Amino acid sequence: MSMILSASVVRVRDGLPLSASTDYEQSTGMQECRKYFKMLSKKLSQLPDRCTLKTGQYNINFISSLGVSYMMLCTENYPSVLAFCFLDELQKEFITTYNMMKTNTAIRPYCFIEFDNFIQRTKQRYNNTRSLSTKMNLADMQTEIKLRPPYQISVSELGSANGFSHVPVGEYKGTGKISAAPHQRLEPVTLPGIVSFVLSLLCGALNLIRGFHAIESLLQNEGEDFSYVIAFFLGTAACLYQCYLFVYCTGWRNAKSFLTFGLICLCNMYLYELRNLWQLFFHVTVGAFSTLQIRLRQPQGKSPDYNV
């Protein structure tokens, strides 16, 4: 009998399970497929946004969008078009129910376990095709899959269950080559991220203005210390570089953000005599806040316009 057996919702950047269906079947095949679920979860950021893994009598299908992946396990003879319609319903409901801030900042596994209620209801509908709504346009899904078929992952590509090597997905039909890490898209901008970006620009502008004033003072008074000018301009460069790291994905992005924050702290320590405590606190706090937002805005690794 063809049917959907289980489903789960996973965060792409670190594989954190956000929700999952409650499954009672404990067969050997199901246990093996759960291992594949965990293995795939660790590599979601390196895979296309629509994939299928065939494991003998079972298939694992998943789609990813906006930093979240929706995975399902079904029997091998379950229609592919229904499988991806099922995943599409999960995606739309999850995006409607939970905002991105909650999913990005979640730290506890299965913190949205109540979503299992919707998964179970939807799974029951799709396991009884007669109860499916006639409003579903399966023709559109069939056309979409035909034009952009899911990438077929082989079991051999996964390697061992203890930690497998990079999946050489090569070219993905319909989308060309997968972007390398430095060219990946970042997760959508949040309101705190916008605030940190604006504040970093403000701090950079303040440092730049004070730097020019320090140059004027240096020209008028020969006894002025030129190192203050360097400190102001280094502070400007650090703030602007934080803005760059927030907008673009680069290699060693998190490490660079921490080093940049360290430079901001050093510059403000050196400028201690020229700034009061409130000014120092403002610059350091903005630097820390920007570093946090850079850390939270991770590479998405998926096309954000997935729409099936």
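We number each residue from 1, going along the chain as drawn.
Placed from the backbone N, Cα and C atoms, the Cβ positions cover glycine too.
Feature annotations, reproduced from TrEMBL:
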type	residues	note
DOMAIN	8-119	domain 'Longin'
TRANSMEM	189-209	transmembrane segment
TRANSMEM	229-248	transmembrane segment
TRANSMEM	255-272	transmembrane segment
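Summarising model confidence by region, the domain 'Longin' (8-119) averages a pLDDT of 85.
With a threshold of 8 Å between CB atoms, the same-chain residues lying at least 6 positions outside the transmembrane segment (255-272) that come near it are 207, 227-228, 231-232, 234-235, 238-239, 241-242, 245, 280, 283-284, 287-288, 290-291, 294-295. Here the domain 'Longin' (8-119) is broken down by DSSP into helix, strand and coil counts: 48 helix, 30 strand, 34 coil.
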